[in-house]
Structure formats: structure tokens, C-alpha cells
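Engineer: Heads up, here are the entries from TrEMBL:
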type: DOMAIN; residues: 63-221; note: domain 'Alpha/beta hydrolase fold-3'
type: ACT_SITE; residues: Ser145; note: active site
type: DOMAIN; residues: 274-335; note: domain 'Alpha/beta hydrolase fold-3'
type: ACT_SITE; residues: Asp302; note: active site
type: ACT_SITE; residues: His332; note: active site
Amino acid sequence: CHLIHYLRLSHHLIVLNYLICTFDKLKSVSSEDINITDAVFDGVEVRVFEPPAKRDERLKRSVVYIHGGGWALASARTSLYNNLCRIMAESLNAVVVSVEYRLVPEVCFPEQFHDALRATKHFLQPDVLAEYSVDPSRIAISGDSAGGNLAAAVCQQLSKDEHLTIRPKLQALVYPVLQAFDFNTPSYQQNMNMPVLPRYVMINYWIDYFNGNYDFAHSLLINNHTALDVGQALSFRGRLNWTSLLPSSFKKNYKPVIQTTGTAEIIQEIPALLDVRAVPLLAENETLQLQPKTYILTCENDVLRDDGVMYAKRLENAGVEVTLDHFDDCFHGCMIFTIWPTDFSAGVQTRNSYIKWLDENL
């Protein structure tokens with residue numbers, strides 16, 4: 001893929017997504033029990049999963065789901081996410097709306113955020129909820145990885161919208177990516193070379209999301225962009241102090257990486273690195289206090305583990321009821337890997353725990 005990109009034949013992410021979707025066509029996941037339709041919500045494509053109406057049942061609960069893939073890969077229509085949303089709809093007897101936001105490199109931040117926000121706000125309109133027979137008081141917003149990032153950012157934005165009459169009851173974030181401030185948290189150090197999502201790959205996803213310069217990758221890796229002399233980052237430092245936000249079992253013997261002298265040019269060229277719409281973990285306490293009851297799933301073998309754990313702690317400190325569901329033997333992305341040939345016990349285990357929480361709380 002990178003060779004093709006180097007030869008200027010195409011962007012490597014376009015090629016990679018093409019390969020993913022081509023392989024995905026070899027699989028077929030269907031269900032006679034769930035009605036699956038494609039729709040457009042305020043200009044954004046969505047896939048809607050509807051269980052059949054039950055006798056004497058008036059309204060269903062609902063989940064707005066935002067898929068992962070580094071803001072650049074996968075789709076609501078791929079079998080992995082199609083299967084997840086179908087099982088959610090069946091297990092919860094809920095209407096599931098899977099958002100097909102536009103991807104990098106077609107668009108970059110903040111367009112993915114805007115797509116997710118527009119689709120969600122459209123669905124939350126009383127007449128749209130009535131069309132799908134959804135109970136306005138029983139709606140969750142959820143997502144995994146980069147989709148968890150978008151779900152958290154959208155939830156924060158909705159909580160501040162004074163014109164909304166209907167808001168999500170819950171948010172459920174699955175190994176979410178929530179910050180680009182510190183790439184040397186204990187989980188980033190511990191899992192820097194872990195397959196599926198090594199640290200350098202996550203940094204490249206951030207650069208692609210922000211349409212930034214790959215020349216900054218090494219500086220980001222050593223936290224030069226948030227050094228002590230980078231004035232734009234100073235006000236955010238207290239909101240992401242992992243030495244106080246993480247339990248000792250996660251901190252282990254790792255030490256903070258804080259540069260005295262850094263590269264302010266990075267923040268000047270990529271200001272989105274400190275934009276809370278992209279990095280929800282940096283939101284102010286006043287915003288966090290407005291968040292709904294929250295579920296966060298984290299995996300030990302994941303560079304993003306501490307993102308989720310720190311967000312859970314900050315939400316808890318702000319008075320939000322939070323369930324942190326941590327899996328010691330699981331890895332990033334595992335929840336969608338439940339279909340042959342990538343049917344892992346870790347996928348079934350995490351998916352069942354996630355759906356169980358939604359069933360008990362939604």
C-alpha cells in the first residue's frame with residue numbers, strides 16, 4: 001500500500017480500504033429476523049437495523065453506533081460491523097443506527113465529527129424517532145476505537161446544545177481513542193509494538209486525520225508538541241496527568257515523558273491536536289459534568305487502554321456514573337472479530353459484556 005502511495009498511484013489508505021472491502025465481499029452475514037435498510041440522515045448515509053415489532057410493544061430502545069478504523073478504514077456496511085449491529089439489534093430488541101461517515105483521505109477533521117453529529121441530531125428529532133418507533137428516553141450513543149472518539153465528542157457536543165429536547169441516555173465507548181496529547185502513557189509505552197495497533201500506526205492515524213505532515217511523527221512520539229515551553233498546551237496539562245488519573249496497577253514502573261523544550265510549530269500547524277472535538281479527554285470539567293451514564297471498555301494489550309481509563313476517572317470525578325469494563329487478556333479491535341476466520345474468544349467475551357451492560361442500563 002505504501003509503495004503504491006509512494007509511486008503516487010493512490011493514497012495508501014484508499015488502497016487498504018479497497019482490499020478490506022474486497023475481502024469482505026467473500027463473506028455473507030444476513031438475518032431473517034432483522035430488517036436492514038440504508039438511509040440518509042441530514043446528508044449522511046446510515047444503515048438502520050430494525051427488529052420486528054412484538055405484540056403489545058409500543059416503542060423500542062435504540063443505539064446510534066459509530067464504527068472504528070482510524071477515521072480512515074472500514075464501513076457500516078462491512079460484514080464485521082454489519083454482524084455486530086445485527087446482533088445488537090437482536091439481543092437488545094433495539095433499533096440500531098450505524099453511521100457511515102466519510103473517511104480519510106476523502107475528508108479530514110472535523111468532517112468525520114460533523115457527519116456523526118449531523119446524523120445523530122437528525123435521528124434525535126421527535127418525528128424521526130416516531131417513524132422508527134423509538135423511545136426518546138432510551139437512546140445510547142456508542143462506538144469503538146475512532147468511532148468511540150467520535151461518539152464521545154458527539155455526546156459532549158449534544159450535552160452543550162441548548163436547543164435539543166432529546167438527549168442520549170447513555171454513552172458506551174469501546175477501547176476509544178481520546179487524546180493526542182501524550183503518546184507515552186504507560187499503555188503506549190507497554191504496548192508500543194503490539195500487533196493490530198502499534199504506537200507509530202496510531203500516530204500516523206492522527207496525522208492522517210488532521211491532514212498533517214508525517215515529518216512531525218517522531219516529535220509527536222516523544223511529546224515534543226506538548227513540551228513545557230509550548231504555551232498552547234499548558235492549560236490542558238492538568239486535564240491529562242496520568243500519574244494521578246491511573247491506578248498503580250496500570251502505572252507500573254513507567255515514568256512520564258515531559259520535554260522541557262519542544263516544537264511549538266507542530267501545534268501551530270496542527271491546532272486540532274488540542275481541539276476537544278478531536279480529543280475529548282481534554283474537555284473541561286463543566287462539559288464532563290453534563291455527560292450521561294457511561295460505559296468504557298478497555299483492553300490490557302492496547303496502546304489506547306489508558307485513554308479510556310483516564311476518561312473514566314475524569315468523568316467519575318465530575319460526578320458521572322461510570323462503568324469501566326477492563327479485560328486483562330484482550331487486544332485492540334477484538335470485539336468485532338467474531339466471524340470466521342477471525343472468530344476469537346476475546347471478541348465474543350468483550351461483545352457479550354458490552355451488550356449485557358447495554359441491556360441492563362438502556
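Glycine is no exception: its Cβ is also placed from the backbone N, Cα and C atoms.
TrEMBL does not curate its annotations; it predicts them automatically.
Are these features on the surface or tucked inside, and what are their neighbours?
Structural biologist: In the predicted structure, the domain 'Alpha/beta hydrolase fold-3' (63-221) carries a mean pLDDT of 96.
Taking Cβ-Cβ distances under 8 Å and a sequence separation of 6 or more, the neighbours of Ser145 (active site) in its chain are Gly68, Gly69, Gly70, Val174, Tyr175, Pro176, Val177, Leu304, His332, Gly333.
Around Asp302 (active site), a 10 Å sphere centred on its CB holds 27 further CB atoms from the protein chains shown.
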Engineer: Including all protein chains displayed, how many Cβ atoms other than that of His332 (active site) lie within 10 Å of its Cβ?
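Structural biologist: There are 25 of them.
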